[in-house]
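Step one of this worksheet: look at the structure below.
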Amino acid sequence: MFLAVTFGLTALSTAVALGQSVDVRHIGDASGLGQTAMYAQALWPLLGAVAARLAVRRPHRPGTGADQAGPAATRAAAAPGGADGAAARDGWGWRRPSARVLGLAWLYGVSYPLLGGLVLWMTGLGGFDGAGLADTFALGGLPTAVGTALAVVLGLTVGCAPYVLLAIGEEVGWRGVLVPHLAEGNSPARVVLLGGLIWSAFHLPIIVALGGTPDGVPTPVAAVCFTVALTALGATLAWQRLRHGLWPAVVTHAAVNATLYTVVEPATTDRAHTGWFGTETGLLLAVASVVAAVCWSRRAPLRPSAAGAVVADIADIANAVDAVDITATPSAASTQATPKQAAPAQVGGPARASEPIDTSDMQVVHAMFRRQFGLLPDLVRASRPGDSGQATAVADHLDLLLALLREHHSGEDRVLWPLLVERAPTLTAAATLVLVGRQHDGVDQLADAVRQAAQAWRRGAALADRDRLAGLLEDLGVALEDHLDAEEREIVPLAATLLTATEWAALGRDGSLKLSPRQLLLSLGMIEDGAGPQGLARMTSELPSVARPLVAGLARRVHRRTMRTLTRA
């Protein structure tokens with residue numbers, strides 16, 4: 001559905017542009033209808049994504065469509081991954097990344113196109129016109145060097161803004177829908193190649209039929225160079241989407257376009273071979289794109305997860321998986337991992353049920369932890385120095401969250417890890433399970449440091465203690481986010497296929513943490529705050545139907561009162 005709608009609309013807008021005799025190299029000279037047809041193409045992947053989501057969510061008559069696909073398909077369609085059955089917890093990928101992640105995304109997007117431009121100008125394959133670049137920003141009245149430098153800065157920063165809007169239209173489709181779909185059942189190479197070829201095919205009408213090929217360059221050469229450049233860029237965008245969500249991909253995409261169209265192109269004057277080397281279909285951009293993608297992938301590779309899906313990793317973690325082996329017996333494997341020297345254990349447990357079990361409650365709990373630990377640094381910093389009452393209230397809330405986190409990890413260590421490592425289908429999967437399990441130690445150590453800092457702050461509400469606690473909470477939030485992401489990439493899909501529903505349900509039983517009625521209601525309120533009404537409904541689904549509205553109402557009330565106390569609102 002997504003591809004059919006996207007390419008159908010592309011064919012229609014291309015036909016309109018052809019009818020208006022559009023030349024994309026002189027788009028400003030085209031008619032209003034022709035320009036609209038061209039710029040609207042950036043929206044077609046977004047509309048295709050919307051159509052796909054609506055098609056999956058619409059009701060089906062009994063005996064048709066999703067009903068014949070069975071419960072597993074129904075769960076996939078209803079999962080947060082949404083329209084195309086991808087298991088992403090964040091829908092199309094609208095997560096809020098850190099400023100550092102967005103900054104690196106922008107830096108990547110401006111660096112390699114600018115490098116290609118520098119090589120073009122320094123080799124003489126294309127001329128450099130700093131005054132012309134300055135004129136495009138109405139800076140011609142300044143000294144040439146100053147105007148050129150300021151134009152470059154504006155082009156790489158402010159110039160990104162309009163391209164962000166265009167990039168959103170494309171990225172929702174190509175990275176929000178297509179990449180997670182491809183990642184579910186393909187190798188990393190197939191994700192990159194298929195994604196790149198499909199993305200390139202979407203743009204090829206511009207190259208082939210609408211004047212996108214420079215004069216003197218054979219159209220097949222331009223098309224191949226463009227496809228190579230786009231496929232290489234798509235590899236990095238896929239990693240960004242799978243690791244951090246959609247926004248970094250949007251920023252990189254916009255930065256690439258802004259660098260090419262507001263800096264490199266206006267500053268370049270044509271020479272004999274500029275068309276071959278210096279345009280978006282040129283050899284230099286293709287080579288620079290490949291070099292940049294290779295450098296990125298060495299530090300941040302795509303790899304198959306323990307559950308078989310493609311995930312975005314960091315080289316240190318990927319190398320650690322290769323360096324760990326499972327030794328001795330399956331029972332020992334749950335607690336022991338050594339460098340690759342000993343004989344491998346026998347892995348692969350008994351076959352599970354043919355259809356995956358429902359593990360959505362794990363994402364619900366994770367959403368609560370993400371939300372609350374994301375709020376805590378600001379709650380701490382908002383407390384006035386010397387206000388011991390406020391410090392005590394925030395510290396008490398923090399103690400509850402740390403206790404819930406410790407209980408969550410304890411249940412996984414007690415129930416989840418031994419079964420999964422014993423039944424892991426491959427040694428690599430078993431090693432990955434052990435490594436993700438070891439992250440508990442790092443998170444727990446940070447949690448202990450936070451707990452001690454909170455006790456010190458509680459005693460005197462001193463400014464230094466407050467700021468130290470806030471900093472430690474930020475460190476804990478980063479470590480916890482990475483760990484929760486790893487669990488959702490590696491552990492949850494594996495558990496869905498290797499465990500029974502009864503075994504999974506044991507995670508929430510027999511724990512040592514005893515909550516008061518108020519703490520239990522507050523926990524449910526925090527779940528709704530982090531995972532929405534659907535999350536609360538999931539966690540209260542075993543209550544009698546008549547009790548659920550009452551419990552939900554009480555949970556919301558307790559949560560609202562608690563947050564008013566914590567924020568002094």
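The first residue you see is number 1, and the count goes up from there.
The backbone N, Cα and C atoms fix where each Cβ goes, and this holds for glycine too.
Automatic, uncurated: that is what TrEMBL annotation is.
As written in TrEMBL, here are the features:
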- 38-56: transmembrane segment (TRANSMEM)
- 61-88: region 'Disordered' (REGION)
- 65-88: compositional bias 'Low complexity' (COMPBIAS)
- 101-122: transmembrane segment (TRANSMEM)
- 142-168: transmembrane segment (TRANSMEM)
- 162-258: domain 'CAAX prenyl protease 2/Lysostaphin resistance protein A-like' (DOMAIN)
- 189-211: transmembrane segment (TRANSMEM)
- 217-239: transmembrane segment (TRANSMEM)
- 246-264: transmembrane segment (TRANSMEM)
- 276-296: transmembrane segment (TRANSMEM)
- 331-356: region 'Disordered' (REGION)
- 331-345: compositional bias 'Low complexity' (COMPBIAS)
- 363-495: domain 'Hemerythrin-like' (DOMAIN)
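In the predicted model, the domain 'Hemerythrin-like' (363-495) shows an average pLDDT of 90. Annotation: stretch 189-211 has the most Cβ pairs under 8 Å to the transmembrane segment (217-239), among 142-168, 189-211, 246-264. Non-local neighbours of the transmembrane segment (38-56) in the same chain are 1-6, 9-10, 13-14, 17, 22, 24, 27, 30, 66, 77, 82-85, 92, 166-174, 176-177, 202, 206, 210; each lies 6+ residues outside the stretch with a CB under 8 Å from one of its CB atoms. It is 246-264 that, among the stretches 101-122, 189-211, 246-264, 276-296, forms the most Cβ pairs under 8 Å with the transmembrane segment (142-168). For the domain 'CAAX prenyl protease 2/Lysostaphin resistance protein A-like' (162-258), the DSSP-based tally of helix, strand and coil residues reads 83 helix, 0 strand, 14 coil.
When the stretches 101-122, 189-211, 246-264 are ranked by Cβ pairs under 8 Å to the transmembrane segment (276-296), first place goes to 101-122.
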